[in-house]
Amino acid sequence: MHRENKSSVQLIHLLGFKIDPTFKFLIMLLILIVYIFSLAGNLMITVLVHLSRNLKHPMFFFLSHLSLCDIILSTNIVPNMLHVIQCEGVTIPFAACMTQFLFFGTAVASECLLLTVMSYDRYLAICNPLRYTSIMNSQLRFWLVILCWFSSFIVSFVAVIMMNTLEFCGQSTIDNFFCDFWPIIKLSCSDTSALEMEQTLIGIPVTLIPVGFICVTYIHIFITILRMSSSSGRQKAFSTCSSHLTVVCIFFGTMVANYVVPSSGNLLNTNKLVSLFYTVVTPLLNPIVYSLRNLEIRMALQKH
């Protein structure tokens, strides 16, 4: 095969959505409004955590990094998505497609790991409150966050490096509004079995282990809460983890719905809608859930 067919000289065409021209402007306006509120909400949480003395607890430190993940995720996807919708499909360089996937993969993997770390934080706070401060000290939470970001970047970067070794010839159209892993490798005319195996092996610790860990920690949390003698104590303990549990269910639920359901036939449009939900709507839900259900954040917002 000639080397001029290498992926480095390919262009990727993103088809986006098939939208009736009558509703195109309305849909674009709606997505833009959601994006602006999402960006404002997550920036608000990030700034408040760094400015307010009442938000120096480990939970809010992790929450600020979760908001940073949402900012990266939505900013990486939404502006280009609006361009795709407006032009009814756009052509981008393969390098730009790889860059978008790198940021997308890093943000999604970091959010998975940060939600796992936050479940451990809630486990310590409820199940081992006497040692919570000494265990979850500033040094530990700093290294936990560094580990989340670094490992997520490495996983995504390795995938990008391996995808750049593939040969791409002929079909270069992705029937989606952004560059995701499986649609990209489907364009390759090389043997992708090694890359698929590598991605599967890396994906297990990034997705399945966090889900299992979160389930185990919340089983212990619920058992501890049910054993509390005071009803007010049970209510207070549950309220400290209910926001996190809500975000976990929304995030992992949409991710599973998108990647477990096969992307073929009529299900492809369903997968697009699910992708739209977790790249546009989910980043908005996180600050809403935490802002409305957390007294400390509401008080800090009123002070500032």
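Glycine is treated like the rest: Cβ placed from N, Cα and C.
Here is what TrEMBL records for this protein:
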TRANSMEM  25-48  transmembrane segment
DOMAIN    41-290  domain 'G-protein coupled receptors family 1 profile'
TRANSMEM  60-78  transmembrane segment
TRANSMEM  98-120  transmembrane segment
TRANSMEM  140-163  transmembrane segment
TRANSMEM  202-226  transmembrane segment
TRANSMEM  238-261  transmembrane segment
TRANSMEM  273-292  transmembrane segment
Long-range environment of the transmembrane segment (60-78) - Cβ separation under 8 angstroms, sequence gap at least 6: 31-32, 35, 38-39, 41-43, 45-46, 49-50, 100, 103-104, 106-108, 110-111, 114-115, 117-118, 121, 141, 144-145, 148-149, 177-178, 247, 279-280, 282-283, 286-287, 290, 296-297
Residues of the parent chain within Cβ reach of the transmembrane segment (202-226), under 8 Å, 6 or more residues beyond its termini: 109, 112-113, 115-116, 119-120, 122-123, 126-127, 151-152, 155, 158-159, 234, 237-238, 241, 245, 248, 252, 255
Rounded mean pLDDT for the residues that make up the domain 'G-protein coupled receptors family 1 profile' (41-290): 85
